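Remarks on the structure that follows.
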């Protein structure tokens, strides 16, 4: 590939190397005049003049002028909106060749913003330009479209800032097609070769600036089979994080469970086959999901099998174990097809590397993890707060002490899918226990982890051919830390979870890979891959030969500056370089009239004149050609190195996953050691015994007072606790802390308590508060009843059920009757471990009829008219809710509070009769 002047900006010039046998200046200049040396001549020449290893620089040795960093505009401003607002309005035959090519590409991607590379900018035209200018607040300008057409809308962004602008478009729910230049010099009279190199969608982005570092970016695909006769609604789901290589599939039944699973996954994008007559957004699809539809063919069984076989280069799918999940297999095939259609051209990718390296799909079964429906996740505020969706105030915020992005993602996955296997839980506990007890080891590991890069995503970018030089250096740095981490663990842990083996028995090829990166790349390479300055000297003889030639040219330039100073009699003359205008001789305005006759004026500025000479102009072309060859050779060497790293992406990721898990465990140990936590005793019983337990989030948010700890006992003799007490006394907080401690224990963490015994739960259900669902046409009461029905249909004797009021949104006796019946069913038929907070004090009577029901209350202290909340849970049922006192504390006007007391007294005296309006009370009507 030939490079043009655009590729040549920057320089490989460095300080001249001292030579053992110094040559005369004339000999150096004579050699530099030869710019047509063959590759073999350059290699031979590099052996005669070996280079001392140093970090090459991409900055020209000739000083840059003050304007050299400015971006050149590629179009004139036009304040009038151009007439052609859509590409379909234009006859392509009338367009210029470039715009005709743009329209051809746009026709293939009508639903995407098309960014078309023109020089230093990515440009949009027609409707895309109008949309781009509005969304990103860019100037809408125009470009000549051809004879009889005039100017068409145009807007663009600098190529070096394209990632930032694309990220903003993705956040607006758009996808972007990138058309890049595939060559740097076109044939005479022809356009530069350009094509779509990648398509950016919410689920397929790889660039660091478009991803959230501490959470997965899931792309999901779904295949559904509606219920027919006795056949239930079935679905298969595949979800992949293309940045980390994770690929999971599952197959289950029920549209409600699909909705719940998608809500829990929080995928960035969902792909599905669009069938004729079907709704564009089915009822089971959460409203906030970015939905992409495809043709049905990629989701067919034969096509999906073919796609999987080709992607993983297999002869059979038997080893993947997909026979029992045919719908999930079809979803996986559709997902891989979508990735193939949206990823870059595999120009420099060896046949053995997939353009988008994903691990073999891992089947996730329904019983693999603790089930948390969307309502429970929201009520327990696992990853964001219920009120405003903020991270601070969530459980993850309270326990996340990870030091790496991959560790944070790992901990998030653990919290979203706690374990059911007691053996796996104890394996995590064992590491946490040792790290809590061994403070020096914990702190040492944290020191090693703190500077660790995101190896998981870095390996993915390298495998996909997207990584830059700095990212390869970061990979080398991370790999070099792995043996030291492993050594720390070998000396400390007698037993460890099996997944840590990928760190403890490190792939021996990885240290060699890191050494290869260090040998070739400088420590702080430039961001650009096309301007040189990436590789060390002595990496490649051809590159060394080119650099020697460039050093000779540098010597000539330095000598030319001295020579022209003498000829002009101007000691202040400077030979400089401009990215646009090339090399020139700069003199002040006062000296401009005294320059030699052979100088040619190149540019006039306010304070100086710029000139060239015939020799300088000739030499400039030679320098550009040499620099282009050197830059191209460096890029070729870099691509070879990146390919070498990409082939090891799987090994790097395995080690990275082990580091991520270790980071999560070290963080949990830090929380436990500094937060007065205890190690829970985990077993397969139904018991939940907590001594002086606390809410892990609320205790960190309290500043002026201490958290009041309480006990919990469920599952041994008591299955259901009826919890009564005043409004705002802490009943909801008590319910949530029970659920969070159960969850933390099954993650493998210590818990905020003095002592804990936790029997493994299969599901956690919560019903805490309700609001109208106006979009679905449901009142608060109907929402509450739907949530209650879900619990009663799916809870088992191993479930933990946390209820905060049932039956409030209807008549008192109706609500009480429902609450009583639900409590009876939970205690007798399901025997779920349940805590039911209520203001129906009549429910205290259940304990007299059922031996597995107990009454508890949240204590308050009355001092005159004042009410002090003690936040202490004690045995026995309350007989008052103190609602009026709570209203007064909330700031309800005093006259309303006093009237409420009168009404309450009257109701208590007269039973259920309606209180009369006091005779002294008058009604003020508006005039």
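Quick reminder: no glycine exception, Cβ is built from N, Cα and C everywhere.
Swiss-Prot lists 725, 726, 727, 728, 729, 730, 731, 732 with the feature ATP binding site, giving sequence analysis as the kind of evidence. Under the heading compositional bias 'Acidic residues', Swiss-Prot lists 67-79. According to Swiss-Prot, the feature region 'Disordered' maps to 44-80.
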Fewest Cβ neighbours within 10 Å, where candidates are the binding-site residues 726, 727, 730: 727
Additional residues surrounding ATP, by Cβ distance to the 725, 726, 727, 728, 729, 730, 731, 732 centre under 8 Å: 837, 858, 869
Site with most surrounding Cβ atoms, counting all protein chains shown within 10 Å, from the binding-site residues 729, 732: 729
Residue 727 (ATP binding site): secondary structure state under DSSP, collapsed to three categories: coil
For residue 732 (ATP binding site), the three-state class that DSSP assigns: helix
Neighbouring C-beta atoms (10 Å sphere around the C-beta of residue 728 (ATP binding site)): 18
Other C-beta atoms that fall within 10 angstroms of the C-beta of residue 725 (ATP binding site): 28
